[in-house]
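Under the heading topological domain 'Lumenal', Swiss-Prot lists 1-63, 113-173, 227-261, 306-354, 399-423, 492-527. If you look up Swiss-Prot, you'll see 64-84, 92-112, 174-194, 206-226, 262-282, 285-305, 355-375, 378-398, 424-444, 471-491, 528-548 marked as transmembrane segment. Residues or ranges marked as topological domain 'Cytoplasmic' in Swiss-Prot (evidence: sequence analysis): 85-91, 195-205, 445-470, 549-888.
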Amino acid sequence: MTFTINNTNSTVFDSTNNENMTISEPVQPVSKGPKGITFSGETFIVPETHDMVKTLFDPTVKKSNFELIILSCLFSNLLVFLISNNQIRIYIFIALYIFWRLSYNFGIGWLLQNQSNHNLLVSWSQKYHLFDPENKGALAQSIQNEIKSQRGENYDIKSMPVEFNTWLIFRKFVDLILMSDFITFCCVVFCSAIKDDYQFINNQSSWLVYSRIVLGSGLILFNLWVKVNAHNTIKDYAWYWGDFFFRQINNEELIFDGVFEMVPHPMYSVGYVGYYGFALIAKSYVVLAIAIFGHFLQMIFLHYIENPHIDKIYGPSKNEINLIKILKLKDLKNFDNLKPLVGLTNFNWMRASDIVNLVLSLTYGIIIPLFANSIKSLFILTVGMKLFESISINLSLTLQSYFKIVTKWSLSNDIPVEKSFSNWAVLYNSLINLTYSSLFGMNLGYFLQKSGSDSPSSGLLFSDWFYLRVFLGLLLIYTQFWINFSIIDSIGYFGWFYGDFFIPKSQSSIKNITTAGVYRYLNNPEQIFGVCGVMGIFLIYPTVENFVCVGLWVVNNFIRINFIEKSHMVKLYGEQEVNRDSGVTKTVKKHLLPEVIQRRMSNDEAYTRINGTTHGRRRRSSNLHRNSVADSLDNFIRDLRNSSTKLSQQKLIELSQNLSFANSDYKLTIDGLKMQSTESDELKYTTIGTPVTVSWTSPTENHSVRDWIGLYKIVQTSYSRNKTILSSAGRWTWCKEPKGSFIFDKEKLFWEEGVYEFRYHLDGKHDVAYISEPFEIKSIELKVPEFKEDAIKFAENLKLEIFDKVIKLTDISEAISPIANQSDNVIEVYKLISSMISKSTKINITYKIFLNQGDDDLLSIKDVAIKLINIKHVLEELSYNITDKKDV
């Protein structure tokens, strides 16, 4: 059944997919009811119709000729019960069910496919003039009589389009096949349940029997609610595939309301859970098998018949399809324009990382289990791998979210963010592969060791219902695969590998949180379904080891989604955007919660939006604990950022200034130092690379030409105030005259931040005569501008404050490398410049930024300035203020 939406606000019919359609005048007077239009452009008023249950089983509704035939066919199934052998009855009903199921999926499917592609059924009607009153043929007369018996004697067949009349006849074939399919299935259920003296209530404990019946009945009732809700939503038009024959004006879009907002294709997915409820009540693997058989054929019907027609009628236009293709190709630019490895999908023999993943997966999944001595060792390996993966991935994402460690490291080494993200994707996928390979290997080892023993079921927590466990386990494993690929289809590889943590929104094709695909129905589909495959493995092999692994997988998944991923998404897109109701939540609120509770929840949410936090963030009661934990983490990180371990300035002064020098005849004064503030205990300072002039005075009678001054770090000399036992490493000068001065610059300076002092030494020895006041060498603060238009001014500041202190360039456009290559050690020069830039701008870069210049080696100061602006732009887009979380 297809499903459409009634868009009452639309007044223009969208014929994007039917370019040749023209609209003619209605063929009958306008009356109440929806307006239809055929694919040839003929418009008409669609008369009211009834569903098959009301049509066939409501005694107040007059039955048509075909409907009487259908009822006769349905009741004829009772003749089978005249056979006394119940097993033969089961075989007969199974054969009948298979016949009707094949008639449904392949018979109706073939008719619908040809109607969609070739207008086959309508062409037949026109070819044989089935609705022409002048046609006196037996077939035409019987079909016309059938329509009149449906619509009444006053129904004017000729006034209605052939398409609509053909649809009315097609409906009766659908009624016959669908009702016969369901009735024969119910007969199989009944016969299977009562065989062997009502086996469905025997040979089991009472609690288990009641549990089966209650759970099975619940599935059946839920199935019934799905069908009723679906029919109330899409009406007869879509229930009977009306859009294969004509269109209803203002029904140009797919509907996502009611149960259609809860799960994708509910008529084909959860619309069959009742079949499994019947199997549970009947306690029959036969019923389970034919339920799986019928459901499988229905999914084939959906894939090959329903979906192609939906895409044809309601799908995107050619331009939209091309746009989608382009976006998917853009998604691959982060992965060298190749689909990245996900598990072992998209494997490429030409990628070294793929080969390594394959080797590791085979090693941990097959080779190690073949040679392992015990299951315990495999269990320890699996737990160890999962803990390693959980801690490393969660810690990496947390640090990237708050501190951008991966991005900063990459940009500092002049590595594009796309490349760093690609490397992260390889690491992430490799660790995930190792965990699942280890889990598979543990269970393979268990199978190999137990299969040869006398009691293969020993060690299992339970060993009953093996085939049921295998079916449910494989179903859960398949569900995880399906969910994972659905997630990738919705958010791309960018979203799958947490691209929001690494790539700024301006450089990504994803600007907002998606609500398409599987995310239309669930906000976090991977919350449960992302690990349900591990639960499936536990069902197949219910060992203690697998139970522990399920716990590890679930806990890690919960922490990663709720405390890392969701926290980052809230700060990036806003809490209201992230916490919007999913389709399932909307459906539960609308259809399954009492109205009084709905009003209360609506009032609570409205109150919270108005009287919530100072930032206007919406909170829900179920999120209070999680938010409080997340806020505690934020507070901890904020305190960590704001904390410092600097020694007090007064303590530094006490360490530096030896009071015994207060009345000394020797003096040292430092010229050109700057004051940090007006407070007396604040150290004077200079900036890195700025020459420092020191003046000395010594008594003439005691002066020696071998007196000398050295520059030292206080933290290295504070333990010895009267004698220096540390080398000055070349940062010294002779004091040949009793009075004089000397400029410390270039190699005689420390090119790093810290607190320093000058020491006056006597007669070429290390005896200290005087220690200067302490002073601080600190980085100049340079603000990186927001826009590239300010790059020239910023480059001038870089040249003045940093480059001119190391190398001499004539202007900001001159190439750096030719001048730097003239130095004795060009790498050290680059390291020094990059260090000064990093400290001055608070943007970390490494010397490699000067090496990745291309073939022309024309990197200039202006180019460096532009690179810094770009890096700042990337980091700011990925960052947020912890104390002021973003809200939308």
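Just so you know, glycine gets a Cβ as well, placed from its N, Cα and C.
Tertiary neighbourhood of the transmembrane segment (378-398): same-chain residues 364, 368-369, 372, 405-406, 424, 428, 431-432, 434-435, 438-439, 441-442, 445-446, 498, 501, 545, 548-549, 552-553, 556, 559-560, 564-565, 568, selected by CB-CB distance under 8 Å and a gap of 6+ residues from either end. The highest tally of CB pairs under 8 A with the transmembrane segment (285-305), across 64-84, 174-194, 206-226, is held by 174-194. Beyond the ends of the transmembrane segment (424-444), by six or more residues, the same chain brings 334-335, 340-344, 353, 356-357, 360-366, 368-369, 375, 378-379, 381-382, 385-386, 388-389, 392-393, 396, 406, 493, 497-498, 502, 534, 537, 540-541, 545-546, 549 to within a C-beta distance below 8 angstroms of the stretch. Contact counts against the transmembrane segment (174-194), taken as Cβ pairs under 8 Å, peak for 64-84 among the stretches 64-84, 206-226, 262-282, 355-375.
This prediction places the mean pLDDT of the topological domain 'Cytoplasmic' (549-888) at 77. Sorting the topological domain 'Cytoplasmic' (445-470) by DSSP state (H, G, I as helix; E, B as strand; all else coil) yields 12 helix, 1 strand, 13 coil. The transmembrane segment (92-112) makes no contact with the transmembrane segment (206-226), as judged by fewer than three Cβ pairs under 8 Å among residues 6 or more apart in sequence. Within its own chain, the topological domain 'Cytoplasmic' (85-91) is flanked in space by residues 187-188, 191-192, 194-195, 286, which lie at least six positions past its ends and keep a Cβ under 8 Å from the stretch. Residues 55-56, 92-93, 96, 142, 145-146, 149-150, 169, 172, 175-176, 179-180, 183-184, 187 of the same chain lie 6+ residues outside the transmembrane segment (64-84) yet bring a C-beta within less than 8 angstroms of a C-beta in it. The list of residues near the topological domain 'Lumenal' (399-423) in space but at least 6 beyond its ends in sequence, with Cβ under 8 angstroms from a Cβ of it, reads 333-336, 340, 497, 499, 501-504, 507, 564, 567-568, 637, 838, 843-846, 848-849, 851-852, 867, 871, 874-875, 878-879, 882. A Cβ distance under 8 Å defines the sequence-distant neighbours of the topological domain 'Cytoplasmic' (195-205), meaning residues of its chain 6+ beyond its ends; these are 86-87, 90, 212, 281-284.
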